[in-house]
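Lifted from Swiss-Prot, the feature list:
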type	residues	note
COMPBIAS	1-18	compositional bias 'Basic residues'
CROSSLNK	LYS119	ubiquitin cross-link
MOD_RES	SER2	phosphoserine
MOD_RES	SER2	N-acetylserine
MOD_RES	GLN104	N5-methylglutamine
REGION	1-21	region 'Disordered'
Amino acid sequence: MSGRGKSGKARTKAKSRSSRAGLQFPVGRVHRFLRKGNYAKRVGGGAPVYMAAVLEYLTAEILELAGNAARDNKKSRIIPRHLQLAVRNDEELNKLLGGVTIAQGGVLPNIQAVLLPKKTGKSS
């Protein structure tokens with residue numbers, strides 16, 4: 001007796017929903033958060049997969065831009081300042097995260113045109 005019931009087939013190895021969808025973000029955890037968050041009475045099977053994919057895409061986009069900002073500043077480690085520069089210099093991400101404050105992010109370098117010294121070019 002192998003304890004496998006009547007079928008006698010060996011049980012296949014469990015495969016996570018994240019690996020089935022080809023994602024790094026945890027589909028099961030997103031599903032749990034959707035259920036516990038009281039967003040709706042019921043949550044479909046595809047909803048957490050789609051949401052995990054969207055979150056993974058946005059994270060990858062921000063990390064790529066922040067990595068470029070870190071490389072521009074000759075740094076090998078991404079700090080909150082690099083995240084701030086990445087988000088605020090990208091038009092779409094800036095619109096999406098318009099009301100978000102990034103701690104230790106600072107501000108974009110910007111000098112108003114009226115504060116710059118006057119151009120006194122002599123053309124004679």
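The backbone N, Cα and C atoms fix where each Cβ goes, glycine too.
If you draw a 10 Å sphere around the CB of the residue listed as 'N5-methylglutamine', it holds 9 other CB atoms from the protein chains shown. You'll find the Cα of LYS119 (ubiquitin cross-link) roughly 36 Å from the Cα of the residue listed as 'N5-methylglutamine'.
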